[in-house]
Every structure is written in structure tokens, then in C-alpha cells.
Amino acid sequence: MAMVDATEVDHLAAERAAAQFDVEEMKVAWAGSRHAVEIADRMARLVASDPVFRKDTRTMLSRKDLFKDTLRKAAHAWKRIVELRLTEEEANLLRLYVDQPGYVDLHWGMFVPAIKGQGTEEQQQKWLPLAYKFQIIGCYAQTELGHGSNVQGLETTAMFDPKTDEFVIHSPTLTSSKWWPGGLGKASTHAVVYARLITEGKDYGIHGFIVQLRSLEDHSPLPGVTLGDIGGKFGSGAYNSMDNGVLRFDHVRIPRDQMLMRLSQVTREGKYVHSNVPKQLLYGTMVFVRQSIVADASKALSRAVCIAVRYSAIRKQFGAQVGGPETQVLNYKTQQSRLFPLLASAYAFRFVGDWLKWLYTDVTQKLEAKDFSTLQEVHACTAGLKAVTTSATSDAIEECRKLCGGHGYLNSSGLPELFTVYVPACTYEGDNVVLLLQVAKILMKTVSQLTSGKPPVGTMAYMGNAQHLMQCRCAVSTGFFERSPDVVEAAVAHIQLLLLLMCTYGVRFIEKLQQDIPGHGVKEQLQNLCNVYALYLLHKHLGDFLVTGCITPKQGALASEQLGKLYAQVRPNAVALVDAFNYTDHYLGSALGRYDGNVYPALYEEAWKDPLNETVVPEGYHEYLRPLLKQQLKLSRL
């Protein structure tokens with residue numbers, strides 16, 4: 001294998017020296033606290049220093065080898081968690097930095113929360129200790145071959161047999177096969193299976209059941225259970241490490257008490273009865289899952305932006321004079337106009353993710369107190385933010401790949417795998433288009449109730465003043481951010497009227513700026529990013545603002561002009577702003593996004609790791625190339 005000398009020089013030192021703020025303090029603003037920075041740094045370095053967690057050849061592995069590698073990493077991670085007696089927060093971060101999708105994601109992210117949210121206290125006492133110790137491995141079997149978003153259309157049945165006090169789980173059609181659940185294909189021993197509950201001849205709709213799938217002795221499927229992996233997925237490496245599965249039941253019997261019974265139950269005699277626990281409590285689990293998805297969007301987007309910013313600062317092309325020094329790609333206005341709004345979005349998504357964590361805590365407390373007044377707003381926010389953040393992040397990762405030119409297309413850039421592993425988020429936990437339609441329905445309902453005397457609350461409170469806002473016109477003539485912060489909030493209010501969800505980020509940005517942010521220059525940089533974000537949205541959706549008359553064409557042109565000035569203020573701080581994400585080279589997994597900027601030796605070295613370079617003369621030369629070159633092929637008659 002050819003090797004090159006890789007110096008220890010920090011090729012981005014000059015960029016970092018030009019920063020106009022304290023990077024360490026920005027890390028605190030990004031992470032939320034110094035404690036969070038310290039824990040994240042410790043867990044990231046723990047993973048990066050462990051050879052078991054190596055991932056630089058992952059995209060070159062066969063599917064079987066990749067899955068085995070995933071099992072090995074998951075087992076080793078659990079071993080380290082137990083040995084080091086890590087807290088739940090530390091364990092979650094360690095699994096994050098391992099950065100390889102696998103069955104543990106669904107075990108902790110869906111199986112355990114489902115039992116906690118839908119199981120009785122007795123069921124939780126029985127099943128959760130087993131799950132917490134990995135004595136069983138669980139998945140979440142809801143989606144079927146024929147039904148995804150339409151949960152009420154699921155076909156799997158759970159028929160109660162009062163003679164034996166059991167439910168009979170059955171897949172009556174091919175399309176009733178469970179399809180896609182992560183961890184189901186090869187790893188899980190148990191699943192929370194969603195099926196149509198039928199008792200006394202009546203269909204009571206979809207309910208959850210804990211079903212054992214595989215033997216705890218030899219991992220073989222239990223009688224009546226047919227299951228396996230659904231096959232390879234988009235991209236190399238990426239989500240192919242996950243064993244998404246197919247599952248069919250042939251009259252599989254389970255005890256009656258394995259129905260999740262917190263909200264309803266079936267008696268020994270077969271009577272269906274509701275418990276005194278409100279069904280609205282299920283919203284708590286939904287909010288938890290969706291706030292996790294929004295947080296993941298921030299992580300994925302910030303990784304892509306970090307790679308693109310660092311590489312753009314290293315890459316040089318063309319110059320002002322022929323034969324003169326070439327220009328850093330990051331200095332080109334076109335590069336800035338495409339990249340800096342994504343940088344601002346990464347920060348915005350991070351802050352709105354924090355807000356959703358607060359929302360989850362708030363709604364959980366209210367649900368426990370049987371206060372359901374905010375459920376409609378919570379549903380609108382979580383559904384909408386999931387849809388908008390995942391769509392925007394998927395598009396942004398692809399844009400970052402393009403911003404890195406041809407090298408961005410290499411697996412060693414880290415961007416192709418990052419895109420393919422992230423893009424399923426646009427579909428799972430609710431198709432984005434379907435979710436946005438649900439949000440639109442809620443907004444229309446809120447508008448129709450404005451005359452009822454019941455004012456909208458929370459993030460939709462501005463709609464109570466909709467008539468006034470529709471009559472408002474922007475009076476800006478010289479600059480959008482030259483007066484008080486009220487101007488920013490007014491601008492956000494206008495955007496909210498048309499783009500409720502996107503502007504929730506703007507509001508969170510403003511809340512962050514109103515906090516006491518220590519550190520030299522931190523608040524100023526966040527203010528710049530907030531302004532970039534707000535004006536970028538205005539610029540991107542300029543047609544909506546012009547059609548409604550909120551702004552004039554001249555003001556639209558002014559917004560575009562001011563964006564250019566804001567980009568110039570972000571430029572000297574761009575590298576330091578992505579440094580504040582505090583990602584190790586291992587977690588980024590990119591030759592282009594290296595902290596030291598030593599891009600070209602890294603690219604060169606990565607190329608020689610490809611299995612195709614294991615031999616100088618390729619396999620197949622003697623069979624195909626040599627006969628062709630020696631004119632020894634038998635030519636067909638034309």
C-alpha cells in the first residue's frame with residue numbers, strides 16, 4: 001500500500017486564529033452546559049481511542065461482515081458501559097459516538113419506551129429489568145408490507161381464546177407481514193407487536209402485545225414464527241448495518257397478560273374494558289420519540305456542515321490573476337450563500353431540539369395531572385418539526401456533498417454514507433407529507449375557532465392576532481436588523497403567519513440570545529447566525545411574502561443585499577463555529593473534515609485501503625483484459 005507523510009501541522013490554524021469569539025464558550029452554548037461538554041468530550045474520546053469501534057473501512061464490507069461488525073460493536077459497547085458503570089446519559093452518548101445503526105437503537109428507542117408508556121406497573125416490573133440487562137432484545141413491530149402511515153389499516157390479528165386464556169397472533173394475508181422493524185431481522189428475541197384485537201367476535205382496533213420470537217437458548221424462531229431480513233438498502237455501509245426484518249405469524253399463542261394493558265385490557269372471560277388511565281398518555285411516548293428525531297437532525301446536519309466548512313477553507317481554486325495565488329473556496333460568495341444558511345440552520349435545529357425536550361417534560365407532567373389542554377399544540381409542533389427538520393437536513397447533507405465538489409462523492413468524504421443513513425428519517429415515524437397535512441388540518445381548525453372566544457395558546461397564540469398581522473406591512477427601508485430586537489420578533493411573526501414551523505427555530509434563537517451568554521463574542525456570533533437564518537427564510541420564500549404584500553420587491557432586494565453583508569461577518573468565524581460542535585475526527589468519519597485540515601494525504605491514504613487495491617494486477621486480467629489486449633478474443637461476425 002502506498003503511503004504518504006502526514007504532518008502534524010494544523011492547516012486550519014490561521015482560520016481559528018481569526019475567530020472573533022471564544023470557541024470553548026460557544027461549545028457550552030451548543031451543548032447546553034459545561035457539564036454536557038465534559039461528558040460528551042469524554043465519551044467521544046473513549047470511542048475514538050478504542051480499535052473495536054474503528055469504522056474507516058465500513059463501506060467496503062460485505063453485508064454479512066457489516067452485520068457481524070455491528071453485533072461486535074454493540075456487545076463491546078455494552079461491555080464498556082457495564083465495566084465503567086456509566087450513567088444513562090454517558091451510555092447514550094457512547095452509543096451515539098459509536099455511530100453505527102443497529103438493533104440497540106430500536107431496543108432502547110422504541111421497545112423500552114413502548115413498555116414504559118403502554119404497560120401496567122406489573123408488566124413494567126416483569127419486562128423492563130430483562131430489557132435493561134439485555135436478557136432479552138426487543139423491537140417495535142408495527143409497520144406491515146401493505147400498511148405504514150395508516151396504522152388503523154394494519155391487518156395482523158390478535159384473537160382472544162377464552163378457553164385457554166390466550167391471544168392467537170396471526171398474519172392472515174401476505175400484506176399483513178410485519179415489514180421494516182429494525183432489529184427484527186436477526187437480533188431481536190421479543191417484539192411489541194401491533195395487531196387488531198378481536199374478542200367476542202368484535203374488532204377493537206390496534207393494540208400492542210409483547211411476543212417472544214426466538215428461543216433464548218439457541219436463537220432459533222419459535223413455532224409458528226417466520227422471520228428474516230428484508231434485504232440490502234440504499235448506499236454502502238450506512239443503514240445496511242441494521243437488520244430491518246420481515247415477520248409472519250401462523251396462529252402463535254401468547255398469554256393474555258402479554259397484551260399491553262395500561263389503557264385497556266381483556267378480562268379472563270373475554271370482556272374488553274377500558275382502564276381509568278386516559279388514552280392521551282400515549283402522547284408522551286410520541287413526543288419523546290419525535291424530540292429524539294429532531295435532536296438527531298441537528299447532529300446529522302452539523303456533521304455535514306462541519307465537513308463542508310473545513311474542506312471549503314482548505315480547498316483552493318482559481319485566483320484573481322493568472323499564475324497568482326489561488327482563492328480559498330470558502331471566500332467565494334456563491335459558496336457562502338449556499339453553505340452559511342446551513343450553518344445557521346444547524347444551530348437553529350439544535351436550539352429547537354432543546355425546546356422540544358422541555359416540551360416533552362412539560363406535556364408529561366400535564367398528562368400525569370390529566371391536563372390535556374395543550375395536546376393539539378403538542379401534536380402540531382412535534383409532527384411539524386419532525387417533518388421540517390428531517391426534510392431540511394436530508395437536503396442539506398446532499399448540498400454539502402455538492403459543495404465539496406468531486407471529492408464529496410467519495411465514500412472517504414463521509415458525506416455519501418451520512419446521507420444514506422439519515423434519509424430514512426423522512427419516512428419513519430410518520431411520512432413527512434402526511435405529517436405536514438396533519439399540521440395544516442390543525443392550523444385550519446384553529447383559524448375556524450378564532451370567533452369562538454377561545455384564544456389560541458402557546459406557539460399558535462399569534463394566530464389570535466391574525467387579522468391585525470395580515471394588515472401589517474414591513475416599513476424597513478435601510479436594514480432589517482438596525483433597530484431593536486423587536487424588529488426581529490416582528491419579522492419572525494410575519495414568517496410565522498406563513499411558515500409556522502420553520503419560524504419556531506427563529507423564536508428559539510431569540511430565546512437563546514435573551515439568555516445570559518458568557519464568553520467573548522458568543523452572543524454576537526449567535527445574533528449573526530439568527531439574522532442569517534431569518535433573512536435566508538425570507539429570501540427563500542420571498543414569493544409568499546410578496547404575494548401577501550407583507551414586503552415590497554424593493555425590501556426583498558434589500559434582504560438579499562443584507563444577507564451578503566451578514567455572510568461577510570460569518571466568514572472569519574466559520575471554521576471556529578463548526579469547531580464548537582466539538583466532534584472528533586472519528587465521529588465525523590471524513591477525510592475532508594479532519595480537524596487538522598490535512599485533507600489530501602488523508603484522501604490518498606484512504607484510497608489504498610480499498611480491497612480493489614489489494615492486488616496490483618486485478619483479478620480477471622488473465623480471463624478478460626489480457627485476451628482483449630493481445631487480440632485473442634474471438635470476434636463475432638457483424
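Backbone N, Cα and C atoms are what each Cβ position is placed from, and that goes for glycine too.
Because the structure is a prediction, the values reported are computed rather than measured.
Annotation comment: TrEMBL describes 22-137 as domain 'Acyl-coenzyme A oxidase N-terminal'. Positions annotated as domain 'Acyl-CoA oxidase/dehydrogenase middle' by TrEMBL: 139-240. As annotated by TrEMBL, FAD binding site applies to THR143, GLY182. What TrEMBL lists as domain 'Acyl-CoA oxidase C-alpha1' is 283-444. What TrEMBL lists as active site, proton acceptor is GLU429. What TrEMBL records for 483-630 is domain 'Acyl-CoA oxidase C-terminal'.
TrEMBL feature annotations superimposed on the structure.
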residue: THR143; record: FAD binding site; Cβ contacts under 8 Å, 6 or more apart: LYS178, TRP179, TRP180, PRO181
residue: GLY182; record: FAD binding site; Cβ contacts under 8 Å, 6 or more apart: PRO101, TYR103, ASP105, LEU106, CYS139, TYR140, MET242, ASP243, ASN244, GLY245
residue: GLU429; record: active site, proton acceptor; Cβ contacts under 8 Å, 6 or more apart: VAL289, ARG290, ILE293, LYS386
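Residues of the domain 'Acyl-CoA oxidase/dehydrogenase middle' (139-240) grouped by DSSP class, helix first, strand second and coil last, total 9 helix, 44 strand, 49 coil.
Model confidence over the domain 'Acyl-CoA oxidase/dehydrogenase middle' (139-240) stands at 96, taken as the mean pLDDT rounded to a whole number.
Helix, strand and coil counts under DSSP for the domain 'Acyl-coenzyme A oxidase N-terminal' (22-137) come to 90 helix, 0 strand, 26 coil.
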